[in-house]
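**Student:** Below are the features listed in TrEMBL for this protein:
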TRANSMEM  6-23  transmembrane segment
TRANSMEM  30-49  transmembrane segment
TRANSMEM  61-82  transmembrane segment
TRANSMEM  103-128  transmembrane segment
TRANSMEM  134-153  transmembrane segment
């Protein structure tokens, strides 16, 4: 089953790559990032049903959590990005590429993200491939609580940033209010909590391999995404360095003393 699910996601990514070449915008992969996990979870659910197996409570809940997370993120990014042109990260990569951009974008952008999706989907694969499951009501309840908290934090953070950017008076200013007063990236922290919840739910399989999901997300945020974003912010707004000095990067906390 896992091989078939990976193939379906690969097919979706390849079709999306073809579309990106036509519209000359590789950043559409960002919109698919969350939806790709929905494709994986829904495919697992479909193959389980077609195989005649009884769908367990954990499998239903896993599908629901992934769907909520993935669809919310997809809609948010689509509303934010569509019509804005190609993201500067891909423009920079395109301009710096000395090889055929078609192949560079296919492997370095689309297939690379596809690989990350497969690794991060470990708890999904565990839930749908492990025969004997604990089905602990305690683990399930904890996972739902942690997920709900993460969803609330991420949604509120995104909404606060959206309102900030829509205010003309905020032009060239730094968002340091609301949840952004306690963390420079509270939306990513909320995202991390949701994947931590997915891992907790996967503990119903009796294995710990699902820890790959939150660990990989944490690595992506701390070592890749945040570094790129903050380097760009410092170049545009030198005063962003003061925000860095006074506010935790990821985990929320009260302001640091200078």
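Just so you know, glycine gets a Cβ as well, placed from its N, Cα and C.
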**Student:** The transmembrane segment (6-23): which same-chain residues, six or more beyond its ends, come within Cβ distance under 8 Å?
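**Tutor:** Residues 29, 32, 36, 39-40, 43, 102, 105-106, 109-111, 113-114, 117-118.
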**Student:** Report, as numbers and ranges, every residue of the chain located at least six residues beyond the transmembrane segment (61-82) whose Cβ falls under 8 Å of a Cβ in that stretch; write 'none' if there are none.
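**Tutor:** Sequence-distant neighbours of the transmembrane segment (61-82): 27, 30-38, 40-42, 44-45, 123-124, 127-128, 140, 143-144, 147, 151, 154-155, 158, 162, 191, 194, 197-198, 201-202.
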